[in-house]
Amino acid sequence: MQLLDGKALSAKIETTVAKEVKELKNSTNLVPGLAVILVGQDPASAAYVNMKKKACDRVGFYSVTHEMPSDISQSAIENTITMMNNNPNIDGILIQLPLPTQIDTTKILELVEPSKDVDGFHPYNVGRLTTGLDGFVPCTPLGVMELLKEYKIDVKGKNCVVVGASNIVGKPMAALLLNANATVEICHIFTDDLKKHTLAADMIFVGAGVINLIKEDMVKGGAIIVDIGINRAESGKLVGDVDFENVAKKCSFITPVPGGVGPMTIAMLLSNTLKAAKAHAKENE
């Protein structure tokens, strides 16, 4: 069994991004800018935003966080997004999800200018992904693909099972795998007999938010396991959706939690923001 080390790869990517930021600044005098909108006091969301800010600082991005109270109105968030859309110093806009229940999340995501949609959640970018065109891809599944590439794991022709059908992870993960010529199956909360599906899989990508959902008897020998889940166990420890200790014995590759997919998500946010900055710089030449 070999670990898919997202922490090590993300550090490599950060070094490359930092170098390219310097080059961009030297040639155009522009610095990539990321705006984050954080609504409410959710500790997990605040921790994620803080990690993103630190990563921006490490690579030399300009970043700003708009913190808003949980009882904020729809129009107040919309006004902030419009302001960021029109701000030439901002290349990427990130809406930290989930948003409070009174907010129409779909409308908010649709308001973000697609060329600044570094999370890849705008329907325009979702459409480009599903039709195999270049655009912004959600950071977590994009990070998974980069991690597989680093370890020279080719998904072409492989039976891939994606567990979880969210717009943020499951659906874009399936689209990326399909674009790379994998045979893809998506399982979700209504799937009957999950074990039957996972046992037939060469590769399992799980992002369902359920501790120990994937157990040893659900995985065939030599399978590749990508654990996208991140949960807080009763002990306070961060764990994924896979029973790591027991499943690791059976598989050929597996991502640890933490240190697997998580760091790659942030690395791809940096990569997407740099991509946006370069595109904006080209437009202004």
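Here the Cβ of each residue, glycine as well, is placed from N, Cα and C on the backbone.
In the three-state DSSP classification, Ile230 (NADP(+) binding site) falls within coil. The Cβ of Ile230 (NADP(+) binding site) lies under 8 Å from the Cβ of Gly209, Leu238, Gly240, Val257, Pro258, Gly262, each on the same chain and at least six residues away in sequence. The NADP(+) binding site annotation in Swiss-Prot covers Gly164, Ala165, Ser166, Ile189, Ile230 and is backed by sequence analysis.
Cβ packing within 10 Å was compared across the binding-site residues Ala165, Ile189, and the lowest neighbour count falls to Ile189.
Across the residues the record lists as binding NADP(+) (Gly164, Ala165, Ser166, Ile189, Ile230), the two Cα atoms farthest apart are 17 Å from each other. Sequence-distant contacts (6 or more apart, same chain, Cβ under 8 Å) of Gly164 (NADP(+) binding site) comprise Gly170, Cys187, His188, Val206, Gly207, Ala208, Gly209, Ile228. For Ser166 (NADP(+) binding site), the same-chain residues 6+ apart in sequence whose C-beta sits under 8 angstroms from its C-beta are Gly207.
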